[in-house]
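Novice: Shown below is the structure under consideration.
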């Protein structure tokens with residue numbers, strides 16, 4: 001996803017507005033959506049080539065991001081960003097698959113901790129990116145499945161969807177918040193939140209600090225209390241963070257929103273993934289399905305926000321908080337159902 005003031009710089013580079021970048025984000029998300037399942041299948045069929053696949057994909061991504069700096073139109077940006085979307089899932093799915101395989105086989109009790117630490121690294125780039133922008137090998141798949149099927153508490157194949165469906169909905173809502181909010185909070189803070197350009201840039205880094213700090217705290221907490229409890233405590237923060245600026249807009253509400261949404265969205269993806277992996281075996285196919293749902297969330301919210309801002313100029317980028325509130329409520333409701341189904345799966 002684009003990070004904070006990157007949207008403004010890309011708009012200036014292409015002589016357009018931030019809202020005109022919606023097609024670029026939409027196409028990138030669609031490409032990510034289309035490659036979710038194929039990425040999982042690749043790692044199921046080539047489990048011993050995982051490291052090489054990830055390394056090659058990172059080189060393609062680096063080249064594409066470099067090309068983005070040379071684009072002079074939204075169409076050119078859209079084409080290059082589509083390439084990034086096509087290969088992104090090989091990295092995200094591949095790393096999750098390899099970590100889950102390794103720890104499911106050798107240390108399943110540490111899986112939620114490692115997933116949170118791995119995902120926390122995602123926020124490190126987000127912390128420094130706004131300032132930089134402005135100058136300021138895996139085990140064979142059949143072995144993993146065999147080891148996994150021996151674990152107590154895993155449900156039968158026909159019962160997995162009872163756990164998987166609410167988990168996918170939680171992940172969809174959570175990633176929508178994470179990337180939609182991160183992508184447009186700079187523009188919101190500048191245009192609606194009542195803060196200066198410099199403060200808006202800083203708030204982008206503050207968001208990722210809160211987000212990364214939340215994931216590190218979650219990594220510690222999942223070793224002490226159940227994953228579901230960590231999510232139950234953290235997710236309401238995103239609801240409060242999105243509602244506050246809608247009820248009392250202003251600089252104070254904007255700053256509080258950045259902190260609360262960052263903390264409230266932080267634990268969602270890795271902790272939900274760890275919670276799901278405790279109940280059902282997550283092979284490459286299911287990880288690919290998760291990446292497909294993630295691609296859908298990358299497509300819808302980040303592109304819907306500028307679209308609605310352009311169609312409804314009276315509210316403008318206040319739609320960021322409206323959309324974030326809707327997703328925050330959705331992830332909490334689905335979490336309640338996921339906790340219920342996960343308890344039932346362990347009883348079986």
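Glycine is treated like the rest: Cβ placed from N, Cα and C.
TrEMBL annotations: computationally assigned, not manually curated.
Below, the features straight out of TrEMBL:
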type     : residues : note
TRANSMEM : 21-41    : transmembrane segment
TRANSMEM : 81-101   : transmembrane segment
TRANSMEM : 113-133  : transmembrane segment
TRANSMEM : 163-187  : transmembrane segment
TRANSMEM : 208-233  : transmembrane segment
TRANSMEM : 253-274  : transmembrane segment
TRANSMEM : 286-305  : transmembrane segment
TRANSMEM : 317-338  : transmembrane segment
Novice: Looking only at the recorded stretches 21-41, 163-187, 317-338, which one has the largest tally of CB-CB distances under 8 Å to the transmembrane segment (253-274)?
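Specialist: That would be 163-187.
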Novice: Would you call the transmembrane segment (21-41) and the transmembrane segment (286-305) in contact, using three or more Cβ pairs under 8 Å, pairs 6 or more apart in sequence?
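Specialist: Yes, the transmembrane segment (21-41) contacts the transmembrane segment (286-305).
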Novice: Taking residues 6+ outside the transmembrane segment (286-305), which of them lie with a CB under 8 Å of any CB in it?
Specialist: 1, 22-23, 25-26, 28-41, 43, 85, 89, 92-93, 96-97, 100, 164, 168, 171-177, 179-180, 183-184, 273, 280, 317, 319-320, 323, 327
